[in-house]
Structure formats: C-alpha cells, structure tokens
Amino acid sequence: MSEVDSIISQLQHFTWPDYVVFVAMFILCIFIGIYFGFMEKSLGESDYLMGGRNMLCLPIALSLVASFISGITLLGLPTEVYSYGIQYLYVSLGVIAMGFIMSIYYLPVFHDLNITSTYEYLESRFDRRLRMFGSVMFTIMNIGYLPIVIYVPALAFNQVTGVAVHTITPIVCIICIFYTTLGGLKAVVWTDVVQIISMIGALILVAIKGSIDIGGASKVFESAWESGRIEGPDMDLNPTVRHTLWSQLVGGVFYWTQTNAVSQNMIQRYLALPTLSSARKALALFCLGVLVLMGLCSYNGLLMYATYKQCDPLTTKLAKARDQLLPLFVMETLGEYPGLTGLFIAGVFSAALSSLSTCLNSMSAVVLEDFIKPFVKRPLSETAINWIMRSVVVSVGVLCVFLVYIVEHMGTVLQLTMSLEAITNGPLLGIFTIGVFMPWINGNSALLGGIVGVVGMSWISLKAQWAVASGAMVYETKPLTVEHCTYQFDTSVLVSAANTTLSEAAKEEILPLYRISYMWYTCLGALLTMGIAVLWHFIFGGNDPKTIDHSLLSPCIRKYFQSEDNHLQTKNLQIDIPLKNKSVDEEVAL
C-alpha cells in the first residue's frame, strides 16, 4: 500500500457517533413522510402535488433553497473556488437580477392561472404539441440531472468511510422514495426545512473549525489574495473565456431565470402558496438564502486553498476526484471530534435528498397532468390518480440509481450539470419567453424554434463535454503546488499533469463554438429558439395578438395587445373567480 493510500485509510474513521448523527437525519425524514402520509387525512391530488395551495411562505422559501442548492453545489462550488478563484461567485449578480425579472414578468402569469403543471400554460398559450414538447424536455432533463444529484453525496460518503458509491446510492434513494411517496409535497417541503438547517450548520461548522486551525479568517483571505483567487470581475468580452462578468451576469440571468421561473421543480412550490404576494416574498427569501449559501461554499473553497496551498491533494491523488476535495478537508478538520463528520455528511446528503425529492414529486405532477390526463376519455378515479403519482416516484427513483453508473465517468459535476441542463433549459426558456412576451407568434413557430434549439444545444454541449473529457480542452487553474508535501506520492502524476497542460495546443483545433463558456449555454439556447421562431413568423405569419387571452401574457405588455372584448371578459373573470386564491385582505379590497 502506498503512503497516499495509507493516509486515505487512516482518514476514513467514520465513528459510531458519526453514524448516529447521519442515520438520525434519515430517520427524521422518514417520520415526516409517515406523518403526512398517515397521520393527516388522506392525501388527494391537490394535497399531494400542491400542498393544498395554502402552504406557509417561510417553509416554501427554505424548501426552494434546499432543493436548488444540491450536493452538486455544496461540493462543486468550494472546489471551483479552490481551483479557479471567485470569478464564478459574480453569478450572484445574475441571481439578484433574476429575482426582479421573475417577480415582475413571469411569476404573476403562472400564479394567476391556478395550474398544477407549468406546461399546462404552453397548451393554453399555443397548443397541445408545445405542452408535450415541454413535458418531454423536462422529463429528459430530470432523468439526466437526478443521477448526478445522487452520485455526488455518495462520492463524499465514499471519501470519509470507504463504503462503495453503488452501495450507498440505493439506500439513499429508497429512503427518499419512501417519504416522497407517502407524504407528497408537504413531506418534501418540511424535510427540506430540516435539511437546509443541516446544510447550513455543516458549512458553518467546517468554516469555523477550519479557520481556527489555519490561524483565523485573515489568513484565509491573505492566502487567497496572494494567489489571485480573490480578484475583480473579468471584463473580457470574449465568450470563450470560462468566467467573465458578462457570462456571470447575462448568462447567469438566463440560467437562473429558467431554473427558477419556468421549471416545474421550482414553480410547483411557488404555486403552493395562496397569494402572489406570498410567492414574491418566498422568491425574495430564496434569493437571499442562495446568496448566503454560495458565500459559505465559496469561503470554504478559499479555506481549503489556505490549508492545502503547499501540497495540492488533487495532484497527489489524496483526493481521487475533484468533488472529493471538501470531504477530505472535512475529515482532516473535524475527524477528531466524534459526530461532527457525520453532521457534515448528513448536510451533504440533505442537499441531495431535497433536490431528489423535489424532482420526483414534480415528475409525478408532469406525468399525471401532461402525459396521462389529456389522453384518457374518462376522469380518473382518486385511487387511480394516487397509484399513478406514487408509481412515477418509485419508477424514476429506481431508474436514476442505475444511471449513476454512467455519471461517475463524466467529470467535474458543477460544469457538467449546467452544460447538460442547457440542452433543454435554454429552448424551454425561449418557448416560455415567447409565450409571455410575443403574442403574435403561434405554436408552429414556437415548436420549430424549440426543436432547432434542442438540436443545436445538444450538438454544442455534447461536443464541448467530449473535448473536456478527452483532455483536448483544458481550463487553466490558479497556482497549485506539491513542492512542500510531507508525504510520498506517485510522481508519475506530475508527468501526467504536464502532458495534460500540453493538450492546450489542441484547443486551436476545436471550433470556437465548442469553446464558448458553459455559462452562456442557456442564453444561447433561448436566443436560438426565439430567433428561429421570429424568423419563421416573418416568413409564414402568426397570430393576431388581440385574440390571445391577455392573462397568458406578462403584465407589462397586456395593455398593448388587449381587445375590448378580451378586456370585458377578463374584468368579469376577475370578479367571479380569483377570490379562492386571494387572502382575506385582498378579498375585502376587491
């Protein structure tokens, strides 16, 4: 056994208090599922999928943060900052901008329609073909995303315990499937609340103990500044530069708007709130929570560099994979304190469970509302609906366990996830944006734009990921060294690293289109979709904008495309219908 393997073996001392803390989190999630599945009254479709549309703002906001900040971010972002510096963190500007854009232009449209599946909107605005297109794209994206969500925490667990990835993933999935199947959206939301507390606690614990060990936060920032990891935004206009101010701000706005404003995974929670004002409050809390968690993750990345700046564990293979770097740091920092490592790993798994349960619940909504209900001649019985919703959760969960075998060969998860999501995310954002802002464009134009967008982004994203995986495209990291390591390691890894650097020359042979930063992918997919749709409209024509129900349009443009008949119809609709979705104060005001 080499010295590196010996050190890894010594660090893998997950004690019984660690297992107690780790298992306790799972048991708590199971009891939450049992409570909402059995202790409350029988869950109907509205309760199971939408929480009865009367949930509280704060739990929903915490659930949104928990499900979005998956283990991918929890482990991937610190490693990103460790390797490349804080340039990625300027995406926080995109998060803030997204909050305003979604609150003003997108959220009012979906909340007022009282829908369950976001893709019901596409049928109302265009036709059933667009609804099916959106639902299929969502399904493909989720099935590609969920195995990554499962794999990442399993990788962390492997680093600290030595337990094989494919041993722990089925266990985690079974637990998540169990409480999601039993309790529906309410179980998902309240387990998310528990899990977000666990996440934040784990990150703060690592940050405090690691800072004390290194000599204080000032040492962390000093090391980061000297190595160039803390720097101002890169103002380069070149889209092939991995992270610039423009890619993080503009590209970040497109990415975050899609994932938060039009994705079923997130919108379903906003629609579970009784009023638009409460949904907007949840959105504001979501943005704040995301920024706090991103700041904690980034600080831990700088902390890892201050600790390992004399001997990079990625080069020496003390961390076998990039996304095992933070778990390695945790074992060295917290390993001597029984139970604390277990708390951190519980936090990582909490992030994964929250994302997984959210996606499974959303998948059951989409399959029921978009793939089954439109094609049955008779209304489904309550029993049939319950079986369908729960069968979808179980089936998708089992499928994702098997797909983990593929994901483990795909590389760094943060960039990989955003790159693959953009294949469907960009075109879907383009179609929804056409729907709410361009009433003159019809279903034919939108569908063609969506198809071209998916094909184009599939080609670009997969080609780029192949170039990264094959070593033909390498991104230069900030300074890392192994000159002062206190242990022996296989020096052949240095030769391998040098050869990898030489492959930079191969970048000249790669089309510039494939070298575009992954942060632009969602933006590129959306613009391609909208561009093709607009071009097709000019050639073959489209809708009369005044024939479109103005409630399907963003509030800022309704007045420009509203006929007198439509106006009267809407006025009557406002008097007759929406009281069921308004608070008491709003009812009195109306």
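Each Cβ is built from the backbone N, Cα and C atoms, and glycine gets one as well.
Small disclaimer: the values here were computed from a predicted structure and weren't measured.
As given in TrEMBL:
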- 19-38: transmembrane segment (TRANSMEM)
- 58-77: transmembrane segment (TRANSMEM)
- 89-109: transmembrane segment (TRANSMEM)
- 130-154: transmembrane segment (TRANSMEM)
- 160-180: transmembrane segment (TRANSMEM)
- 187-208: transmembrane segment (TRANSMEM)
- 283-308: transmembrane segment (TRANSMEM)
- 387-407: transmembrane segment (TRANSMEM)
- 413-438: transmembrane segment (TRANSMEM)
- 445-462: transmembrane segment (TRANSMEM)
- 518-540: transmembrane segment (TRANSMEM)
*Are there 3 or more C-beta pairs under 8 Å linking the transmembrane segment (130-154) with the transmembrane segment (445-462), counting only pairs at least 6 apart in sequence?*
yes
_Would you say the transmembrane segment (130-154) and the transmembrane segment (19-38) are in contact under the rule of three or more C-beta pairs closer than 8 Å, pairs 6 or more apart in sequence?_
no
_Which range wins on Cβ pairs under 8 Å with the transmembrane segment (160-180): 58-77, 89-109, 130-154, 283-308, 518-540?_
130-154
_Leading contact stretch, 58-77, 89-109, 130-154 vs the transmembrane segment (283-308) - CB distance under 8 Å_ = 58-77
_Among 130-154, 187-208, 518-540, stretch most in contact with the transmembrane segment (58-77) (C-beta, under 8 angstroms)_ = 187-208
